[in-house]
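First comes the structure, then the notes that go with it.
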């Protein structure tokens, strides 16, 4: 493969649509290969903006505004890194010959829970929990009654756990309805899911380069309010369950097609595997790979996009812990205890320009046996504060 220098007439360009902490790591990997990076987001000084050659601030759901930037920059690869973007812009760009990663249809399916659930369950016939779609509170009450309690209620379009809740009884329905309606994204339709009585859930990072598919070791994770707070790798599971998880991950990613890394979320009950969701981009729980693998999920994503070999070394077990802001501040300062910087631990600061309560600002990473690493990560993250 031929490489060139950035900011030249023959440079190879990638455009990140979404410039958060995950996009920032992808941008850094692209810089290491001499690619020219254009980072786009809805707000100024997003994390990837500081490591890109050029950046833009735009309404990410404005089709014409996005297309104007794409046509101006003429990127070789367009990498959607968030869900709240204009899918019409991606389809039009793809029709014009631009390379959308993994492809516009895959992005369209995965950004909408109705599309991906019906595709997975009814087209690919993957095992899932029971579900219904509703558009009114009355329909929600009826669906919850049929599916039983507890049940999980989510907008068909939202990101990072926004708008999700668990209704444990009929008395929770009103609150769940309001939570869903306040979510960023499209809350005009909700998915109601029967609660899967799973033992644990995993992320199966799956990379495709057009010639091969590779899997990272399964990642266990802990969520609060639908958002990741801790992850560890590998998740201990039976060989049968692991093989079934890889088979399911391959089936869904083959069905979506294209190149890149996918975060496939699965529920595990004994040796049984249930499909939950899939993201066609690096996954927040996969930040643990920054310390466990020779090629992180971000490096693998870029390699897959470029069609490069996907071999990597799993260095060993580890864990990650997300730090979420405890205050609101327009110029946040993060206080990190020196104990986080050891021979087997470190911290990554995302450089977000503004903090608000619950916003993810940093991640602590620990290299050790998974159980000990997770315990240490829990301890270390308490030594990070913001003001």
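Glycine too: its Cβ is placed from the backbone N, Cα and C atoms.
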Going by the N(1)-(5-phospho-beta-D-ribosyl)glycinamide site in Swiss-Prot, where 21, 22, 81, 284, 359, 360 are listed, which of the candidates 74, 352 is also part of it? 352
So of 113, 352, 359, 360, which of the binding-site residues has the fewest other Cβ atoms within 10 Å around its own Cβ? 359
If I take the Cα of residue 22 (N(1)-(5-phospho-beta-D-ribosyl)glycinamide binding site) as reference, which of the binding-site residues 193, 195, 277 has the closest Cα? 277
Quick one: of 21, 81, 265, 284, 352, 360, which binding-site residues lie within 10 angstroms of residue 113 (ATP binding site), measuring between C-alpha atoms? Sequence order, please. none
